[in-house]
Each structure stands twice: as structure tokens, then as C-alpha cells.
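J.: Residues annotated as domain 'Helicase ATP-binding' in Swiss-Prot: 35-416. For G48, A49, T50, G51, T52, G53, K54, S55, the entry in Swiss-Prot reads ATP binding site, with the evidence type sequence analysis. Swiss-Prot lists 101-124 with the feature motif 'Beta-hairpin'. The domain 'Helicase C-terminal' feature in Swiss-Prot is assigned to 438-604. The annotation domain 'UVR' is assigned in Swiss-Prot to 666-701.
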Amino acid sequence: MSLAQKINRVVAPFEVISPYQPSGDQPKAIAELAERVEAGEKDVVLMGATGTGKSATTAWLVERLQRPTLVMVQNKTLAAQLANEFRELLPNNAVEYFVSYYDYYQPEAYVPQTDTFIEKDSSINEEVERLRHSATNALLTRRDVIVVATVSCIYGLGTPEEYIEQMVTLRRGAEMDRDVLLRRFVQMQYVRNDVDFHRGTFRVRGDTVEIIPMYEELAVRIEFFGDEIESIQTLHPLTGQVVREEEEMYIFPASHYVAGDERMGRAITTIEDELRERLQELESQDKLLEAQRLRMRTTYDLEMMQQMGYCNGIENYSRHIDGRPAGSAPHCLLDYFPDDFLLVVDESHVTIPQIGAMYEGDMSRKRTLVEHGFRLPSAMDNRPLKWDEFLERIGQTVYLSATPGAYELGQADGYVEQIIRPTGLVDPQVVVKPTEGQIDDLLEQIRVRTAKDERVLVTTLTKRMAEDLTDYLLEAGVKVEYLHSDVDTLRRVELLRELRKGTFDVLVGINLLREGLDLPEVSLVAILDADKEGFLRSTTSLIQTIGRAARNVSGEVHMYAGNVTDSMRRAIEETERRRAVQIAYNEEHGIDPQPLRKRIADITDQLAREDADTADFLKGMGGVKSGFDFGMGHRGLSSLDRAPATGEGAAAPAVDPASLPAKDLADLIEQMSQQMHQAAADLQFELAARLRDEVGELKKELRQMKREQ
């Protein structure tokens, strides 16, 4: 079955909307990347220095190529930041976010040494789950899609064919029995709930059926006249206000692992066959305990599947449900993309090794479970893709990195370089200093920087050294904080914001290579024990660390070392080469490097400013609360989801601000501001961003009301 035959894809052009035009090295890089891709080169590398605008270059490249794009990123937080950047640059296109939906995940495991079985335990983030469904929905219904994803995209997912087969197509004026539609919704794993109406449920009131698809925040109302669909409306689930009328709509299943009755029946039969074979094998080896354990667990799962259509851990039976042969690769997000999609690997020197490492780590745990009777052997086929399977599923690939790895450089025919920064900022000067008296020298340099209201990053090799250095600097009267692995993700971002604000002046850490540490206020990066060869002091790591000072006009890097290693020499030579290129460009074009004023690449910095603005604003309005409870709950009134393909912007607000009294509107602003902070605390950066935007619109409306009074 062709996906195109089943669904009418919306075709709209990618269009970058930005007040800026490509500058510096960007025009040359965009043109050369596009030429290489259009010429059919399979692998292309963009070596882009820190601060040269690689994300914007990617957006302009996608606009030129007009192809669905998957952008792979190394972790969730960076994926959220990059998705926000793309949404700003491509507001009329579908920019999706696909990462693991677990806030907490403890996979099931068995420790033979202590005879300890650890049950699977997890906490699912509902908003991230919605965004995952939104990504697959967008890929199947339109062409102008960019999905920003972590390596979660190579883990097993239901087949797109079955996902589409279970889909319901609604058309105004079409003949459809209401009860048949309700049964279809149940088969798609939606739950009827006439009281608590939320995402993944539907309710029925006479000839009116309402459902909130898993990938939407708004509800869909289907009104029948006999067996004819009289109208299809998108509406706000709380207020009931109609947002728009629909002529046609697709409702996709509530789970990526949904299967029809026929497919589930076949799966149950093949699971029973495998169980019999495995029990015979275990009993022939006198593993009676393992055989009994496997019989009990699998029989229970089979009963659940027969009665309910699913069971806990149903993904472990995905090979049977998909009808795949033993040892075959699982379906994953890559299978939802059209054949001509473009893959962009961000920070490829980190992301590529991640992809290759996923399979073995997962397999060693599952192998133990199978050997001791906790799972059937087919559970090992619920896994991430192997490296060669990943390569089979991708087409043309663009690798982005300031320090591309050996693999990328080996695959590509040379590389495209992007060194020149539009701002004119030059790579920092690198100074090598002796280790003798390094702490006293560092303390003196810190005092020089703090006197100028500048910030300092210090990177050490060990946790103990970082802790001791932090204590020493505190005793010396330096305002310092220590960034370590025990600090959770949101607190890390808060530390960066506090560093920028001047709450403290020095940040000490071990691995300060993360992209979130691009801080314009940092004028000095100190690298202790720079001559200790290893992962943290390799050429790649040193260049990445040097880049942390590349956002400041007077940036410097001090390497404390007893001798200059090969890694140090290569890193220094590359930095000097890039400095020379930028300086020559500045002189030729008469550019005077300007200090960079850049927000932290995350939503929390905006939230802090928004919070202060909202507090002042409401205070100015008299701080009167009406007591009106909008009852928005966790989801809020956010309607700024993916912009429609028509390019007309976001959906109309679900609540018309003009219809509310000023006091109620002020109360709504305060409630939504609280939800904005809660969303950020839950790492739901996309939801927080949408709430932030809506708060801004509501404040404009309230200011207008105030002027008219």
C-alpha cells in the first residue's frame, strides 16, 4: 500500500522568515552544501566554528532543497533549543520534536548474582508523548516537515502501514454509522470518557461525538444527521468555542503500537508457538524454574492481549505484531519519512558514536532477561537499530560540527567550511602557562575579569579537583558555583542564567563542552591540566572548550600545562588559523567586532524576563483578581501549535480576549504565567514557549483595554 494513495499530503514550501540575511561564510556554505546535495553526494560535512550560525545555515539549506528533514541531536535539552530556533525561522512549516517521552525510566532487568529482578518503572511526560504523535502525524500528512530528534528515533516504533491502516478518515457529507465510528475509536486505543475529557479520550452526546487526538491540544467534534457526517469542527475542549470548520480530517491511533484484530490474532498464535518451543528448550536443559517463570509471565500477557488488545510491555512482542522474521530490524521513526528525506546530524562528533552504541547496551540487558526466563527470545527484536541497519534507512546526510569526527570526514569528499562570523567576533587567543603556581595565577586572572564585570569558566579533570578548587575560590572571596553531573537539567540552565546575570562570576566544571554554554559574558576559559592526554583533553575536546570563549570580544583561553602535547598543538594551530581568517575578513570589509548580546539558548531565560514583566504589568493593573477560575489544568489554553500549511499563522486563540473583562483577563495572564513556569520545570520547553507567546498576546490586549478606558 502506498502511503500517498491513502493520505492526501499537504504540499507547502519551506520558507525562512527572518529579519536577517545570510552573511559572513553562510552564503558560500549554503550554496556549496546545496550544490553537493543536489549533485547526489551522499555525505556532506559542514565544519562550522562556534557562533557562525550553523542552525540558521541549516534552515536556509532546507528552504533551498525543499525536502523533509530529520535533524538528530545529542540530547533532549539541545533538541528543544534547536526546535525552538527552527520554529522561529520557519514559522509556517511543521517543526516537530521527537525525543524519549520518559521523564524517568528504569528498564526491566535481572541481576543473576543476587537473583534480583527489577520491574520496569517509568514516568511518561504527556506533553512529550503528544509531540511524538504530532511528529508522526505531520510526516504522514504533509511534506514541509522538520523533525528535531535524539537517538530515540532509532528505537522501535509501530509500522507506518499499520498506523495508517487503523486511521479514520472523516469527510463532511460522507456516510458513516455512528456506532461503527465509536468501535473504530476503541480499536485505535482511545478511551470513552464522558466525564473527564482529555487527550486520548472521546465522549458521546446523542448524535455528537467529540475526541481529542493524541497529537492535538484541541478537540474534534463530529456531528451526525442520521448516518451522514453533517459537520466536523475543531474546538477548544474547555470552553467549547469553535476554532474552525473542517471539510476533511484524519484521526490517527492513540498508540504507535496499535494493531487490528486480525493482526493481533496472528500475533497471539505466533507468540504461543514461540512459547511452546522455548519451554521445550528450557526443560530439556533442566531449567525448570526459568520455564515456569516464562510460562506464567507470557500466559498472563497473552490473556491481557486477548481480552484488552494490549498488555504492559507489549513492545516486547512487537516482532510478532509486525509479522517480522526473527532477527529483523524494528520499524522506527525513519520509516515514517518519505524516501527523499534529508538527514542532518548536529554535533556529529558526539551524535554518531551515540547511534553506534545504542544496540549493544540494550542487547546485553535483554539477553540476560531471556536466558533466565523473564522474556521470550523475540523480545530481543524490540531494540534500537544496529549501525548497518541505520545506514540502510538513511539517504543523503549533512554532518554539522566545529570538530567533525574521523567517520564523517572519511565518508565525505572534503568538507564545507564556515569560519567567518557575521558579528566579526574573532576566536579567542590561546595562552599556555606553566602548572607551577597555576591556582594563584588563576585567582589573579579571575579578579581582573570580575573587575570588568566579565565571567570565567574553569574546567578540571576530576570531580575532586573541581570541588577542592571551588572551596578554595570561595574562601578567597570569589563568587563561584560548581557544575557537576548531579545537577539536574533545569538547574544547569538556571546556573547559566545566574552566571550571565552576575549572581556569581566563576563556573567550575569538568566537561564544559555543551552548546548551552555559549555565553557572551565569558571572557576567560581556564583549562587546568591541559597536557593530560585523554578524552577531556583531546584535540576535539580542546577546540570545543576553546569555543566557549568565542562569544566575547576580549575572549582568552589559558591552558595550564607542563608541556605542549600534540592535542594542544593541533587545537592551538586550528584556533590560530580560524583567527587569521576572521581577522582578514574583518579588515577587508571594515568590520569592527561587536560584543554579542545573546540570550541563553533555552526557554528559561525568556521565562525569567517574562515573569518579571508580568509581575510589574499586573501590579500596574492594580493587582485585582476576579476569582474567575479558567480551569485550564496542566494543558493550559495554548493554541499555538504547528502553524497550518496555508502559511496563515497559528490557529485562532481558543478564548477571545476581547470578550473577557479586564479583571478576568489579568487573572488569566497570571494563571498562564504560572503554567509557563510549571511547563519549564517539567522540561516541556515547547509548551512553555507557546504559553509565553500567548501571555504576550494577552498582555497586548489588556494594555489596549487600559488605553481605551
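Don't overthink the numbers, they just go from 1 along the chain as shown.
In case you wondered, yes, glycine gets a Cβ from its N, Cα and C as well.
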J.: Can you tell me how many other Cβ atoms are located within 10 Å of the Cβ belonging to G48 (ATP binding site)?
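T.: 24, counting other Cβ atoms within 10 Å of G48 (ATP binding site).
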J.: Which whole-number mean pLDDT does the model give the domain 'Helicase C-terminal' (438-604)?
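T.: PLDDT averaged over the stretch: 84.
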J.: Take the mean position of the Cβ atoms of G48, A49, T50, G51, T52, G53, K54, S55, the recorded ATP site. Which other residues of that chain put their Cβ within 8 Å of it?
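T.: These residues sit around the ATP site: T57, A402, Q418, R421.
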J.: Where does G48 (ATP binding site) sit in DSSP terms: helix, strand, or coil?
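T.: In three-state terms, G48 (ATP binding site) counts as strand.
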J.: Tell me, by DSSP, whether G53 (ATP binding site) is helix, strand or coil?
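T.: Note: G53 (ATP binding site) is coil by DSSP, not helix or strand.
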J.: Within 10 Å of the Cβ of A49 (ATP binding site), how many other Cβ atoms are there?
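T.: A count of 24.
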J.: Might you list, by sequence position, any residue in that chain lying six or more from G53 (ATP binding site) with a Cβ less than 8 Å away from its Cβ?
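T.: In sequence order, the residues whose Cβ lies under 8 Å from that of G53 (ATP binding site) (at least 6 apart) are G24, Q26, Q418, R421, P422.
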J.: 10 Å Cβ neighbour count around T50 (ATP binding site)?
T.: 21
J.: Can you check which residues sit near T52 (ATP binding site), meaning Cβ under 8 Å from its Cβ, same chain, 6 or more apart in sequence, and list them in order?
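T.: When sequence neighbours closer than 6 are ignored, T52 (ATP binding site) has G24, D25, Q26, Q418, I419, I420, R421, P422 within Cβ distance under 8 Å.
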J.: How does the domain 'UVR' (666-701) divide up by DSSP, counting helix, then strand, then coil residues?
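T.: The domain 'UVR' (666-701) comes out at 33 helix, 0 strand, 3 coil.
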